[in-house]
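Under the heading compositional bias 'Basic and acidic residues', TrEMBL lists 63-81, 270-280. Residues annotated as domain 'DUF2007' in TrEMBL: 1-54. Sequence annotations record features per position, and here TrEMBL assigns region 'Disordered' to 57-92, 125-151, 258-290. Feature annotation from TrEMBL assigns transmembrane segment to 97-120.
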């Protein structure tokens, strides 16, 4: 099995699952319904389909991109976002089994959510009709999985989102927090194994560049980190308790390129690897030390 897509929320993951299903590819959700996984034989074709979808996805119109998101405002404290017939509605998700892992294969992290999916939400809130001026500060409550219970709370200040909190598995605890700057996602924290600790962190620069890290043991130091652009991971690094890089892997949009590895645990990368199109190790050789 290989992970081919990393989403920011269940709607984004379900959208890609539907895309792959249309092409006859069966996929599975792992790590808190945030990552899409396929069998090895389908991985290459799945990544091609996702990459083509990114390339051909229609951009926001000028009016949509220039005007901040403004939720429908009524006379009550509870405000529901405007219904958009074009917005994808995710299936109801169950709480996943505890624990999670990160494959050494390519992680096709499409975070145009916690970017792309969040922009979908912003567009949905803007609606297609004239809306009254928003209150200076208000919280929009959303039922994202259709079970009749609010599971997402978005704080708006002067018509722009500033903070979003989500309970993705319905246990009554906040497991995702997104902070915005000027209406665009700036940082995000996620609890993807639902143990109460937000081990996964994201930060964004504009709409294209992002960094991410995971602290598995809860010591406040990342055990894994990475960097991506245009929604796809380009670099992954694994770290030891001292913060030294013990494994490093580079990716292009569709495949894993090469990597380095600390074979003897001394904190120095001493083996170089190349990978084939399936993400398997194609060659390995000692890395010359200078």
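Every residue, even glycine, has its Cβ placed from backbone N, Cα and C.
A TrEMBL annotation is a machine prediction, not a hand-curated record.
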List, by number or range, the same-chain residues at least 6 past the compositional bias 'Basic and acidic residues' (270-280) whose CB is under 8 A from its CB atoms?
2, 40, 43-44, 104-106, 255-264, 286-287, 289
Note the mean pLDDT of the domain 'DUF2007' (1-54), expressed as a whole number.
79
